[in-house]
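> I grabbed these lines from Swiss-Prot:
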REGION    1-24  region 'Disordered'
COMPBIAS  1-11  compositional bias 'Acidic residues'
ZN_FING   52-113  zinc finger
BINDING   CYS78, CYS81, HIS101, HIS106  Zn(2+) binding site
REGION    104-137  region 'Disordered'
COMPBIAS  105-114  compositional bias 'Basic and acidic residues'
Amino acid sequence: MMRREDEEEEGTMMKAKGDLEMKEEEEISETGELVGPFVSAMPTPMPHNKGTRFSEAWEYFHLAPARAGHHPNQYATCRLCGRQVSRGPGVNVGTTALWKHLKSMHREELEKSGHGQAGQRQDPRPHGPQLPTGIEGNWGRLLEQVGTMALWASQREKEVLRRERAVEWRERAVEKRERALEEVERAILEMKWKVRAEKEACQREKELPAAVHPFHFV
């Protein structure tokens, strides 16, 4: 008899405790503020890496009650509109989704508080190696210079080839002139030889009758 009364009393206490928790959860979803025992669940802004500053997004959010089948830190409640925003599955989740919600729904509030550009410097988790600032411009200028040098080299090579061909043409022209001069000189020598031969023949013809008839004119 006493045991049954104890069990009934314990069941009544458990039911009252459950009703109290449900009431507190309803107050959370309606006002967006934590009350009762959930105040201790107020999230302390967690840095993503040691030595980094706390995210300013937590000025506008607090962790929502855990949902069945989800990580306790997955959902956060917006203090401005009371909506619950998913931060993504897993443990090491950032505040990117929170900043997106603030920028899309409460941009004016962010600008008033001076946090309009704050989301851009949060969650510095690069997916790959960061290139130095301006590296693309430097590469562009370098490629442009290389292209200019290649074009200049190509034009220079064409100019050299053109000059070489011009020199070859001039050399062939000089050779032709030299051969023509040699032919002219040879022709002149032949003419001289012919003229000399003719003179000698004439001279012999003149001397021949005088030798045959020495007293012909006496």
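Note: Cβ is positioned from N, Cα and C throughout, glycine not excepted.
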> Based on Cβ atoms within 10 Å, give me the single least packed residue among the binding-site residues CYS78, CYS81.
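Each of the binding-site residues CYS78, CYS81 was scored; lowest Cβ tally within 10 Å is CYS81.
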> Can you give me the average pLDDT across the zinc finger (52-113), rounded to a whole number?
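It averages 77.
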> Cβ within 8 Å of the Zn(2+) site's Cβ centroid: which residues qualify beyond CYS78, CYS81, HIS101, HIS106?
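Checked against the 8 Å cutoff, the neighbours are TYR60, ARG79, LEU80, ARG83, VAL85, LEU102, MET105.
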> I'd like the Cβ neighbour count for HIS101 (Zn(2+) binding site), meaning other Cβ atoms within 10 Å of its Cβ, all protein chains included.
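There are 22 such Cβ atoms around HIS101 (Zn(2+) binding site).
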> Under a three-state reduction of DSSP output, how is CYS78 (Zn(2+) binding site) classified: helix, strand, or coil?
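Its secondary structure by DSSP: strand.
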> Counting across all protein chains present, how many other Cβ atoms fall within 10 Å of the Cβ of HIS106 (Zn(2+) binding site)?
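So the Cβ neighbour count for HIS106 (Zn(2+) binding site) comes to 18.
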